[in-house]
Structures are given as structure tokens and as C-alpha cells.
Amino acid sequence: MEKIVPPAVRIEELRRILREHEYRYYVLSSPTIDDFEYDAMMKQLEELEREYPEWDSPDSPTHRVGSDKTEGFASVRHDRPMLSLSNTYNYDEIGDFYRRVSEGLQGAPFEIVAELKFDGLSISLIYEDGMLVRAVTRGDGIMGDDVTANVRTIRSVPLRLRGDDYPRMLEVRGEILLPFKEFDRINAQREAEGEPLFANPRNAASGTIKQLDPHIVAGRNLDAYFYYLYSDEPLAENHYDRLMQARQWGFKVSDAVTLCCSKEEVYAFIDRFDTERLTLPVATDGIVLKVNAPAQQDLLGFTAKSPRWAIAYKYQAERVRTRLQHVSYQVGRTGAVTPVANLDPVLISGTVVRRASLHNADFIAEKDLHEGDFVYVEKGGEIIPKIVGVDTDARSIDGRPIVFTVLCPDCATPLVREQGEAAYYCPNAEGCPQQQKGRLEHYCGRKTADINIGPETIELLYSRNMIRNVADFYALTEEQLLTLPGFKKRAAAKLLDSIEASKARPYQAILFGLGIRFVGETVAKKLAAVYPSIDALAAATSEELVQIDEIGERIAAAVLHFFSLRQNRELIERLRLAGVSLEAETVSVAVSNRLAGKTVVISGTFEKRSRDEYKAMVEDNGGRMAGSVSSKTSFILAGSDMGPSKREKAEKLGVRLMSEEEFLRLIEE
């Protein structure tokens, strides 16, 4: 008779065995079982812990660096939005910030904390009873990805807080970074292995934290700095002391934090780090200024996008001189061909730059670029390298002028340039591999079909001739996927489930995903609101389309051209047969007709509702939104920081400016 093992004993036995195999695999590099056996035991342990939660333990292998290499990331709503900061670039704008804060506090004195602005990936950590329970990326500020398993691998992130005076529930926000030294090591390794290089440490940190395998994350030695605490329970009385409190609890807080009682002290801090930041081990892109007292922060509040009690000062971009080797070209999903400058490697803002943007053919002609030229390179906002000048005095007599390519670099089709367009395009939309793969990646994005698949898998499927257009995703089978290297049943099932779920995505998301030229997320939403099915949109005329707000002749022509092509009509029919949503589930019905016949422009920032909420309220009450002020504008819903050009035009045309309080009273009457 088979001996029955109690669940608690089996759980501990599995943990012991898994820990031993983790040690042999990751420390000794001498595994004694294959991945299938390891995954089977891990799955059994996960199932037992779910069935017997009383035997769960924070040090279980299921709570640490996981073995599940195919698991995606769950979306999590932030308890408090992770807003961005308003930027300022000179001392006059800092003076304006001081004035706004003083007015908001009715002249009361205030202190400012000056801190380094780290250039990485924003993260929110949640601790319960001193234990790390969740780590969520900033995402769109409202929703982020749960990357707890990956964050646990970062040694500067405490898994358990030090001391015993921390609150029961604590949120800590900070920045995940890849040190310059690690960035150079990883790029050297990728170059040796023939893999594409990371553009900068920020992209590398973001790409690393989104890895599906936490072991890869652990091998990249990410770092983290922290700068904000929140709890419903008492914390230190001011922001500066809370940072010191965080340091005591085991968080890495920068030494570059100063309490300032005057603008002059702020300016001194900024001047000091204008040079010192270049010697730091991690990337920074400015200074953050925060009102020190939380009570005063609460009084100042927030706009729809950012806190009124904080601002970011951005340093001027660093400029260096290097040699232009040659120009290469990239093809985007719409066929636009973009030139790229290949440079002698040069260090800018702590990263090695080898390539820079050249924008288009006009830019090359305007700069009169020659091969071998010495050029001046900056990083716009400390991130995107760009050429800003040419040292013509140092030009070699042998340097040949750079002439924009006449052929597609991917499929050798002659390029075309439409009248009024800056870019050259490859017209071979159906036969150009880079365009095809670009459209496939675009369709799978979170704001489109939201299919959980990465560029590497798309490249693999494309190379095996399994996909050529977006309808091919819906014809994939488990048998096909299991022939791919690295794909097992679970990975295949997850991808197929994600593809199946995409069929229920909103019509406007699918419309955006089709990749119609000039039809971005906002335009797709506007088109879907007027034409609630793909068939209705396909039947629209140019005259009808240009009547829609913000849709001009160029977008209308692109829409008509898309539906005029036989291959696109066949694509839509295949999507329809696959069950993809190609019409809106419900047609929006006005809540009231209070704004019937009214054309409304929204400008500025608001306290009570977001701009999107106000737009919805206008449309729900029969009104029409417009993006610019004209004689047809009925009124402007004007928030703070309203654009000066719109205000000037409104005054000139006699258009009424309505406050949000007046607008809400109008709607609620």
C-alpha cells in the first residue's frame, strides 16, 4: 500500500528539493534534472500552497526568483496615481514655481527639498508588516505591471525592512536603474553575441525589469534609489525626515538631498550637480524640487497631470564632437525610411553613443553632411542622441556628400516621396519584411489587440513563414507553435489564449491596430465614434470624413486608400471570420441635449476632473469637441495654465471662457 504523505511534509520536501536544484543550477552551474522535471515540481508546490494557504511561507521558492519563464505580468491599479512632474529649464521658471507655491500657501513660509532626478524606471513598492508584497511599474500612472518577482532580485531593494518602527502598510516609490558599468558590460556581451545593443541605461533597465525570466534580471545587477514614502499611519513630519526614515529602514536614498530655505540655496545645489552628475555611477537627468511639509503639499494639491508642490529642473543637454562614419537606414511599419548616423563611439551623459538621429533627407541636405565629417552630438533630454552641427573646417577633401538612398534598405524597392511630405516611403507594403514585422508588432501592442507576444517571437514566427499579416495570428495552432525552439505546451497555450482574448478587444483598439497611416489612437477613437463598424467606415466618403473633428484631407485620403486595396479588404474579411470585434458593442447615446449644437474647446489643467472626463461630458451631453479656437467655438472650458495662443484668439473672436465650476453647474442643472 502506497504511503500517504501529509501535505505539510510534501510542501517542505518540495521546497528543500527545489532549493537544492536552484543551488546546483544557478550557483554551481551543474544541474542534475532537466527543466521539465523542475517545472513539474514547482507547479506541484504552487498547487499545494494554493490548496493549503496556511502552509505558505515568504521564503518559499515560489515567492522568490521564479522558474516560470513564460509568465506574463498582471496589470495592477495604483492606490494613488503615479503622476509625472512638470519640467523647467531655467531659473526664471524656478522663480515662477516659487511664486505659484507662495500664492497657493497664501504667503506662508515653506522649505524646498532638492534631490537628484534619476533617469530610470519608476517603481512602487508595497510593504505589509515590513515584508515586500508587491512591486508595480509606473505604467500609465493609473495602471502598472506587477513585476514583484523581478524586483526581488535587486539587492538594493529590501525584502524585509530593518528595525521595528515601520508602519504596518507602507508604499515606497523610487527608480530602478542600471549602473553605467553594468550597461557597458551587458552591451559588450550583446555585441559579442550578435544581439542588438541597448540605446541607453534607462531602456536597458526598463527592458530588464520586463523580462519574463527573473534569472536574467538577477544577472544584470540592477540598482534602485528611493525618494517617496506614503502610509495611512504616522510617518516623520516632513519629506526630508521621511527620506532619512526610509534610509534607516534599509532603503537606498541618495546622499544628494538638501533642505533649502531659499531660491539661492536651490540654485547652488543645481550648479553643484551640473558637473558632479557626470561622475555619478547611474544616470540622472535633472534635479527635483519638492515642498518639504506634507501638510503644505496637501494644500497645494495636484493638476490632472502633476503635483503643484514639485517640479523637475532639466539640465542643458551635453554636447560632444565625434566623427560621422556613414549613414544607414531603418524602415518603419508605415514604410517611412529614417536615416541613422553611425558615429565613432563617444561618451555622452555617462553612456557610449554610437548612433544618432538624422530625421529625414531634408535634414541631411540642410546640414550638408559628408562621410567622415566631424559633427556635434547632443542628447535631447539626456536620452535621444541627435546631430546639432557640423565642424566644416575639419572636413576632409576626400569626404563624399551623403545622398539619401533611393532604394528601400530592406527590400530594394524604389522609394517614393509624396508632395508636402518630409519622409521617403517604401511603397512595397505587402512585400517589405520590415514593414510586415512592424505592423505585426504594432497590432499586438497593449493599446491595440493586446496579444502577449514579444518581437523575438514575432521574428521567429515570421522566419518560419507562419505569419505575414495580422490575420495569420488567428490561424496559428498548438502543433505549429510546438515546433518552435523554446516553446512547450504551456507557452503555446498562453499565446493561443492571448490571441483568443484579443478577439474581444474594443473595435477602436482593433482599428488602431490595423496600422492605417496617420490613424493613431485618438483618431481611431474618433472614427469609431462616428462609424461604429468597420463596414460603415469603409463606405465613408472623403467629404464625410473631413467633417469629423481633427480629421483633415490627409487622414481622409489615407483611410480611403487603405480600404481601396484588395489585400486590406481580404484581411478584414479574415479577421471577421476569425471572430475579431469589428464593430462597437454599443452606440453612445447622449445623456442630455444641454450642449446640443455647441462646439467646445478644452484648454489648461483642472482640479475636479481630468480633461478626458470633461471631453466625455461634452460629448455625452450632445456637444462637439474641437481642438482649436474658431468663430464656430461656442465656449472654451478654461483651466489653469491655459494656452496663451488660445486665450489671445478667444479674446480676439469674443469667445466665452468658462471655468470648470461654471461648466459643472451648467451640466448639473
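Placement of Cβ uses the backbone N, Cα and C atoms for every residue, glycine included.
Site annotation (Swiss-Prot): Zn(2+) is bound by Cys408, Cys411, Cys426, and the candidate from Cys432, Cys444 recorded at this site is Cys432. In the three-state DSSP classification, Cys426 (Zn(2+) binding site) falls within coil.
Within the model, the domain 'BRCT' (590-669) carries an average pLDDT of 81. Nearest in space to Cys432 (Zn(2+) binding site), taking C-alpha to C-alpha distance over the recorded positions Leu85, Lys117, Arg138, Lys290, is Arg138.
When DSSP labels each residue, the domain 'BRCT' (590-669) comes out as 29 helix, 17 strand, 34 coil, counted as helix, strand and coil in that order. The closest partner of Leu85 (NAD(+) binding site) among the recorded positions, by CA position, is Lys117; the full candidate set was Lys117, Cys408, Cys411, Cys426.
Considering only the recorded positions Lys117, Arg138, Lys290, the residue whose Cα is spatially closest to the Cα of Cys426 (Zn(2+) binding site) is Arg138. The binding-site residues listed here are Leu85, Cys408, Cys411, Cys426, Cys432; among them, Cys426 has the most other Cβ atoms within 10 Å of its own Cβ. In this structure, the CA atom of Arg138 (NAD(+) binding site) is 38 Å away from the CA atom of Cys408 (Zn(2+) binding site). With respect to their backbone Cα atoms, Cys411 (Zn(2+) binding site) and Lys117 (active site, N6-AMP-lysine intermediate) stand 43 Å from each other.
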